[in-house]
Each structure stands twice: as structure tokens, then as C-alpha cells.
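Features reported for this protein in TrEMBL:
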TRANSMEM  B:21-43  transmembrane segment
DOMAIN    B:22-423  domain 'Oligosaccharyl transferase STT3 N-terminal'
TRANSMEM  B:91-107  transmembrane segment
TRANSMEM  B:119-140  transmembrane segment
TRANSMEM  B:146-164  transmembrane segment
TRANSMEM  B:185-208  transmembrane segment
TRANSMEM  B:214-235  transmembrane segment
TRANSMEM  B:247-267  transmembrane segment
TRANSMEM  B:273-291  transmembrane segment
TRANSMEM  B:303-329  transmembrane segment
TRANSMEM  B:364-384  transmembrane segment
TRANSMEM  B:391-409  transmembrane segment
TRANSMEM  B:469-491  transmembrane segment
DOMAIN    B:539-595  domain 'STT3/PglB/AglB core'
Amino acid sequence: MKVSLILGVVFSFLSAVLAKELELEAGNWKNKNYLRTIDLSRAYVQETCLIEAENLDSKPQDVYYFTVNDGFDVIGNISLFEVSVSNNLKVDVENVLEGVYKLKLPAPVAANSVVEIKVKYTYTNTIAPFPAKIEMGDTQKLLLKLNKFVFSPYATSHYTLVFNGISKGQEMELVLSNPEEYGVTKNAPDMRPRVENKTFVYGPSMAEITPYTVQPMGLLYFHNKPLTKAFRLDRAIWIPASDTEMLNIEEYYELTNAAAELKSGFSRVDWMKGRYETTKNHWALSHLQFPLTKGNLFQDYYFTDKVGMVSSHKILSKTLFLQPRFPVFGGWKYNFTLGWNNPVKNYVHKVVSTPDTYIVRFPVLNSIEDISYDSVSLDFYLPEGAELLKVASPVPYENVEVGNELSYLDVSKGHVKVSLKFKNLIDSLNGKEVLLMYKYTKASFWFKALKISGFVFVGLMSYYILNFINIDITSK
Amino acid sequence: MVTSKPQEKLFGVRVETIRSLLRVIIFISIAGAAISSRLFSVIRYESIIHEFDPWFNFRATKYLVTHSFYDFLNWFDDRTWYPLGRVTGGTLYPGLMVTSGVIWHILREKLALPVDIRNICVMLAPAFSGLTAIATYFLTKEMKDSNAGLLAAIFMGIAPGYISRSVAGSYDNEAISITLLMATFYFWIKAMKLGSIYFATLTALFYFYMVSAWGGYVFITNIIPLHVFVLLIMGRYSHRLYTAYSTWYALGTLASMQIPFVGFLPIRSNDHMAALGVFGLLQLFSFGFYVKSKVTGKQFRNFLVFSSIFVSFLGVSALFALTALGWIAPWTGRFYSLWDTNYAKIHIPIIASVSEHQPTAWPAFFFDTNMLIWLFPAGVYLCFQELRDEHVFIIIYSVLGSYFAGVMVRLMLTLTPIICVSAAIALSKMFDVYMNLVDVLKSNGEDNSEETGSGKKSKAKRPSTNDKLFSIVSKLAVLLSFAFYLVYFVLHCTWVTSNAYSSPSVVLASRGPDGSSSIIDDYREAYYWLRMNTPEDAKVMAWWDYGYQIGGMADRTTLVDNNTWNNTHIATVGKAMCSSEEVAYDILKKHDVDYVLVIFGGLLGYSGDDLNKFLWMVRISEGIWPEEVHERDFFSDKGLYKVDGEASKTMKDSLMYKMSYYRFTDLFGGRDGIDRVRNQAIPLSQSPKLNVLDEAFTTQNWLVRIYKVKDLDNVGRDLHSATKFDESANDMKRKRIIKKPALDLRE
């Protein structure tokens, strides 16, 4: 039995549109148990939902719709979305609409049996400092706005909400200016918080929660760390044409700190007296830490910005520390460039079966710890005359652009530039690797070398020949 | 010795071929030495633009390569001299920017080398210094021979007097101008010697390039006519001279007028009148010679007397009349200060306030040229001995160059080339004599018929064995001592370049207590903060020294900069800095100032800070507002320049004082603050309060402090009482916040 859910009263605006357009065929499920864990230790929000779903239908079903626990447009940009089922089989995820995912389970679930689904997703641009402007010595408090209940197309019978990674928190009543528009649920069950094992726990609530329950809530918590954010990151990887050992990587960051802003101007006296730089317990961003890994040692790195070299940097205990020219407070910006070398053999491999074909395996990010990225462009510069065969990424990208870029001694069309555009990434995507396959023949290598030497030869010859022309006007 | 027998061969190769090969190798080595000795700063620091003026040139170059050439010439810059703006395209010498722009385009489009424009700008001066050495070689070769030429080239390559203005990163007009100066002079000598239109045209061409590159072109405009004039007086008129000068003057003047900044100056300004006068005189001479060839001697004498009286009367009265009518511009202030070193101090404080416009201290000559300075008169003396037409040029150049170098430190630069040339002439002459061991050795054996005529000794009485030994020993002694001098000269040049002239001044080097070197990068810290964290149209007020740097690095609008074209505007900034808060606030608001930037060296011990320049600000603004600003008020009762407890009230109330010491004493934990530059204690009780400004940013070592100008109070109080109210309210508010219950949030 398929039930068309058109629940106009409790729908959020978004879902209403969705339901009308799709005639959402949600199937007949019930959330027997819904454990929602929110990790707030980082600059973004990580939410893990453990769902025990029961098939109420008479037939086996294999499609479960998951909606992000929002309901009143408060969740910013969703960056990572991972689903796993108890037996670790592959789940097909289709992002039907913003915040709505269609999960195709690996096997149909029989009637009245239970499936355990684990959904993990991360969102950025949702937490904000409150108050937004504080003094330098104050401790920063962040406000997370969230839906206190489950925003699911199905009814939920058993619900727990857990907050992780906070030292001190406080629930705030959140009054919306237009509760009608979002359809705030009036008779939601009452849930009171308690502290348990360094976590902040609500529930479990035994009362049945109706589908699409919306109950806005604010959580104010102490977080004395910067909220590092990159508006933009351009990663350039220059893949050499010949058998050199090193590969050059250059990153350009446009960085900001989403933490609290300074109430008054920056006072160096207070900054020096507070020793915030050495204790590193402050919401101003004074250090950037890049962890060194086995494959990536930041050899010959350089750290510059638009006015030249920055001298404050060092490698200490397997971490590359960069110190921006000034501590970055909330709302301040800092743009810089970091470049380094890495052995080619770590990344580029020759395909044995097909001639002249190479595979590049390169991480999406070599990230700073605890950061979110709004937009990332991963640019591979293949040798001049190379041909892109295939590109694959474990992280979904917006689009791929293939173009040309003229670089040193490029005498024909230039390096082949393959750029992958990503949106809303976070540092935990560090290990994910993009695969890229290209074809580069020995012929195009020699063609380029010969073309350059040809030009030099023509230049010298023409100078030699010009010397023979007699422009003397005196008669001998 | 240059002439050799055509058939002479060494290992089967013609000697001429070997000689030219060696010459090329020597040239390459000289250019290599010249370039590499200028790279200290790049190696020690980075590829960065130095000092102040180069930042403007760099910014203009970037404008040129991102816009079209005509946009560049019509560039109206609204990001400087707010709110006036500057007609930048029409008030700069475009030669430098166009040169690097052309190089950039050629490298990028023709040679497939997309080099960053900054690196081209940084490396331009060293590259051109290599060319200067070669041009000097050719010039000196005309004076004596190629041996002297090579010596002059190597001297020119490493003489600190020239390096001071051409290290890597010193991207200033002088970087290419000295090359052009030497090239122009070489072609002039060549043209004058041969009477060749071809070379005269080349002279004009390089003269045009020079005009487009540096205001110092006036030096050429005057020295060539003077050379011709002296030759005429010496009775050395010739058709060659006539051809060379007329060609150069006509073409060069027309060409120079194509530069927008120069425009009609060549026919209107007094600086250029000498060239015009000599041009006229030359025509008269030529006419006179024509008449002389047609009439008898007596008639000609009468003709000469009458016509010369008539013509000089006519010329002088025309000059006076035109100047009086305003058709010819009178001389500029900078010109007067060339003749009277006290002129600037009295009339134009803004010129006097620049350290490079001060008279040169005599040790500077030794410092900048070392042994060349005492070889220099010897070279000039040798020129007097021979006194060919071109030697007259050397003599004139030496006299003028020495005088100007004595008047202004920066003109040391124009003296250095002639010192190198003269010293090379002297040294090579000496080497000619003392290195000639051939006849000594030859006459040692049997009498040889193949004696070359060049050795003077061979003509003397045949010396005995004892004498020969003596002469060899004396020759060796002289040669060895000069070899020592030369080695020492190279060491000195390297030392001076490395220690005195290779600091970018944007970045300061310091040594920690453990001897480790560290970098003080406060300027860039502040400029980059401005660039990143202020609105793009923010107006920054700072003393004019930092105008170009703020424009180049912080990319923000400034009120005044190093161009100093508007004295009143600079005086306004000076007034704001030296007045009380109320007066200053008025000025700041009227000029839409958002941020005020001061340099404060008190914590670090950096003596070039704004408080040490403060008296110049006072003097310059006193020049415009003598009733409101008085220099005397800034001195203590005893007449001393004090910032401690004895400082005068005006001093303590001035905006500059307050901005420099705002919260400075807080650093010293309840004791008086110590200013390390002036070695004075700032009393804790005297810690200044600011009402109209907020501290916005202070750099790590307090070198740069930036303040934000407060907005007008939104309930109409004056800012003084508003600040007081806030302070008292703050204490109450703090207590209240603690008691506040959980907040309700409203969206």
C-alpha cells in the first residue's frame, strides 16, 4: 500500500512544494527507534542518526526516504552525507531535493521486520556566535539553532537527542517571527535535558512523534575555538611531463573566521597580556595546522601572500604550523598561498596494460584541522599535449572543466587544465582521493622538445644570416 | 697596442679572433659580477620591491600591463590625494614602466615565459646595470683605448655609488637612467668625433628614452650644450660639431616634447634655454665662418664685433622679456636648492625634509667610490694633458658632477660614472707604463731590431743590468700595490653593497638575544591587515612617506603620498597630526578619513618613526597656518624636544603624541613606559586618552598603529562626553550582565 503524504498543516514550506511536485511515494515505515547524536566539537555540525525502521506495509519494501532534521530552513549547507545499513552493504542514495534523500536499501525488507539505518551528515554555516560581538578576554558562546524533534516523513515512537563535544550548554527558547509559515507543531512532547557521560541528553521520549514535527530550539554552548572557514580554495597540481622526481602543489586560500567579532578594535596590549597566542585557547585564529602524513611531508614548502613572503612558519612534531600575519578574529579575512613539493611516485602511476596511460591518485584536500570550505577547485595541470581519459571522485563534485593554460615554454596550446569544482567540503574528507586517468605519448613529449629547440635554432640562424646583410652607407 | 699584425696566429687561430672572444667573455663576466652583486637582498630576504618610490612605479607598471597604453597615459588616479586625485598619466616619466611592460609582453607572448611582473620589476635594475657597464666601456674606449674601457666597465659594474640605486628591488627611474645617460654620452662623443648624422640621431633617440625615464635628463640637456660652448670658446668649431649638435638638438627636442609630462617645457623652461642658446650660437658661428670665407680679414673683424654685441644684447633682453611675460617658466625650487643649499630649508621645508636632498658628507665619497675617488683627479689631469675634444667633455662632466654630488646626496649617482671613467683612464695609463716589461726583457739580450716604438724606456740610454733589476723591482712594487688596491676595492664594494645598500626597508632584520636572525615584518602586517579587513574604499591618512606603500601594498586610498605635488594638502595632514583632538576631528571628517596610520618605534627602538619626523609636520603646517601652529609650542620649557613628563601641553595634546603612546604604559605593568628611541620615560599618569579615535590595529612590535575614526555620535553629543559616558556605563553594565538570566532569543 502506498500512501501519498500530503500533510499540509505540518509540512514545512519546502516539503510542501516537494510533496506537490513529486507526489512523494514515501512508503509505509515507522521509526521504531531514532537516536540522533550531534557532535559540536568542531567548526561545523556533525549529526549521526541511528534509525531502526519497521516496515508497516504488507509487502517487502526497499525505499526509505530520509529527510534532514530541519523543518524551518535553519541548516546551512550539507557537506557530507553517508549512509550505511547494518550489514554494510551498499545503499543507493539519491538526493531528490535539497534535504531529501531517497535511500534504496540493498535488499527489500520484509513486512513487519526491522532494518537499522545509520545516516551521518555534516552541515556548515549553521552555528553562529552569540553574542556576535564580544571583548577579547571573553569566552565565546555559540548558538546552534535546530529542530528539537525528528523531521521525518514517518512517525517515530522512540526518540533520543544527544549533544557531544561541548563543555557547557544551555537550552534557549527560539521564537520564530513567522511560526505559521513553517508550521511549528503545537503539541510536541516535552523533553528535558540532562547531563550524562559528558554529553547533553534529551529523552528518550516514548510519546509518538508525528511525521514532520517542527519544534525550534536554540542551544547555547561554550566553544572557545575559532570557526575557521575558507570561502575559496584553489589547489593546483602540476604534473611533470618528463621523469622528474618532484611534483609541485600550490594552494591558494581565502580564509576567514566565522567566530565572534571584536566589540572594540584590536588592542595589541590585551592580546600580549592574555598570552592567547601561546595558550592557543582563544577564538581568534592565530595558527593554521597542517598535519604531515607519510605521503605528504610538505617538502620545500613556501608560504606567501599578496604582499610577499610570510616568515612565521615551522614544522614541529609532524605538523606544519603557519602563523598568519595577524591573528584572524571573527569577520576578519586572510588570503595566502601555500606551495610545496612531493615525490611524483606517490601520486602518478603508469598503467601497465595500456601504453602511454597514466593514473593520478590525489587527495581532495590536504586540509587544515577543523575547517569548512565553501568552494574548492582542484586543478590538475597535465603536460602539454596530454589527453584526459577519465576522472572519478568519491566526493561528488559540481562539474569538471577542461581547458588550457599557457605556462613556461608552452609553445603550442599549453598545459591541459582539468579542474574539478567542489562545494561545501570539510576537513574530515582529508583522505578521500580523486582518480584521474590521462594519456601522454612519448611523441608529444619529443614534439614539444623539438619545437622549442627549433625556435631557438631559427632565432640564432636568423641572427647569423642578418649579419651578412651589409647596411653600410659609406663607399669602400 | 690594439693594432696587431693581421697574420699573427696562436695555436692556429687568429689573434684578433681570440681577442674578441676574450672580450666577449670579459663582458659576460663583468655583467655577471654587476648583476650578482646586486642580488644580496633577494637572497637574504625575497624578491620584493624596496623603499618608497619603487612601490609607486610598481603599482603604475601593474596598471600599465593590465590596461592599454593609452589608458595608462590618461590615467587619473582617484586612489591617491583624496579628494583631489592625481593626473598620474600626465605627471610621471613613463620610460621605466613601459620598459618593464615591454619586457613582460615579450617574455610572455614571444618567448612563452609568463614571468610575474613583480619579478621583472625587481630584476630590472640589476639587468640594466650590466648594460651600463657595457655602455661605459664604449664611452671610455672613445677616450683612451679598450683597456681603459674594460677597467671602466668593471668599476661601473661594482661601484657602490651606483649600486646604491640599482640593487634588485630598487625599481626606480634611476635604475635605467644611468644606462641611458652613458649610452647617450657615448653616442654624442661618437657623433661629435665623426660629425655623423647617424650617431647624432642615435644620441637623440637615447636622449628621448632618457627624457621618458627620468627628470635628470636636464643634466644631458645642459652638459652637451656646455661642451659645445666650451669647444667654441676654445676655437674648435668644426662642421662635424655643427652637424652633430644641430641634429641632436632638433631631433632630441622634438622627441622629448612627446612625453606628456615634459610637453612644452623644452621651449619654455629656463632649464632648457642653454641648449636653445647654444643652438643659435652655433648657427651664428656657422654663418660667421661662411662670411669669413667670402670677405677680407678687416671687414670680418668689424662684422664680428658689431654682430656679437647686437646678438648678445638681443638674446639676453629676449630672455628677460620672455621670463617677465611669463612665457618662460622661472627656475623651480629644486633647481635653486642646487645652488644654495640653505634655500630649501628656508623656503620649502618639504624638500628639505627628505634625507636624500641633504648635502653630502665627505666620507660618503670614500664610502661610495673607495680608491676611485683619488684616481679620479689623476684621470682628469691626464685628460688635460691630451685635451682632445672628447676630453673636454670628461673635464666638464667631472666639474659639474662633483659640484652637484656635493650639494645633494642623491646626485652622487651622476658623479659615479665619470669617476669610474676617469679612474679607469688613470689606472690604465699607469698600467700601460708599468706593465710594459717587454723592452726591459728584450734589451736584456742582444740588440734587437724588432723593438716596438711604444715603450719609452727603449729610447733611453741602454741601461745596465743593475738598473734593469731596479726598474723591474720598482715596476713590480707598483703593480703589486695596485693589485692589492684593486682586490681591496672589490672587497670594499661587496661589503658596502651587502651591508649598506641591500635592505628592502619594508622588512627589517634583527638579531635575537641568542644571535639567531629574525625578521621584523610589521609594515607588511599592517598593510595587509588594511587590505584584508577594511572596506575597499576606505581612506587612510598617514604621513606622506607611507603613501606609496599604502597604495602599493594595502591598496587603499590615501590623502597624501611621496609625489608631494600639493604642499597645502600635506600641510593639512600635518596639521591634523599636530593639533588637538577637536581640531583634528574636524579635518578628519572633512576629508572622509576612515583610518589613521602612524609609525611608532618606541617599543622596538626604531628611530625612523613618526615622532622623530614630527617637527617636519609641524614646520610644514606652520608654513600654511602660521597663526594656528607654532613650532615653539612643541618644545618643553627648556627648549628641548621632550615626550616624557616635561613635554609641553601642546605636545601632549597633539593627535600624533596620543596615537603613539595610547595604552603604551600598560605594557610596563604599572611602571612608567620607556620609549627606546628617545630614551625618555612616559609617566603612567600621562597615558593619553583618545576620544575621537578607536584603536583598530597595532602590529606585533608596535611599529605601525592604525586607528579608526569614530563616527559622529548618534545622539548629537560631542565625542568627548560620549566617551566619558561610555566609560562610566561600562562598569555598571559588566555587573548587570553577570546577573542576567537565560536569554530568550528572538529572530
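Cβ atoms are placed via backbone N, Cα and C, with glycine included.
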| message | If contact means at least 3 Cβ pairs within less than 8 Å, sequence distance 6 or more, would you call the transmembrane segment (B:247-267) and the transmembrane segment (B:364-384) in contact? | response | no
| Annotated stretches the transmembrane segment (B:214-235) and the transmembrane segment (B:391-409) touching (3 or more Cβ pairs under 8 Å) | yes
| For the domain 'STT3/PglB/AglB core' (B:539-595), what does DSSP give as the number of helix, strand and coil residues? | 33 helix, 6 strand, 18 coil
| task | Compute the average pLDDT of the predicted model within the domain 'Oligosaccharyl transferase STT3 N-terminal' (B:22-423). | result | 89
| field | Sequence-remote partners of the transmembrane segment (B:21-43) [C-beta within less than 8 Å, at least six residues beyond its ends] | value | 50, 122, 125-127, 129-134, 137, 146, 150, 153-154, 156-158, 163, 166-169, 493-494, 497-498, 502-504
| said: Same chain only, please: residues at least 6 beyond the ends of the transmembrane segment (B:185-208) with a C-beta under 8 Å from a C-beta of the stretch. Say none if there are none. | reply: 135, 138-139, 142-143, 217, 220, 224, 227, 238-245, 247-248, 251-252, 255-256, 258, 389-390, 393, 397
| remark: If you count CB pairs under 8 A between the transmembrane segment (B:469-491) and each of B:119-140, B:146-164, B:273-291, B:364-384, B:391-409, the winner is B:364-384
| field | Interface present between the transmembrane segment (B:119-140) and the transmembrane segment (B:146-164) (three or more C-beta pairs under 8 A) | value | yes
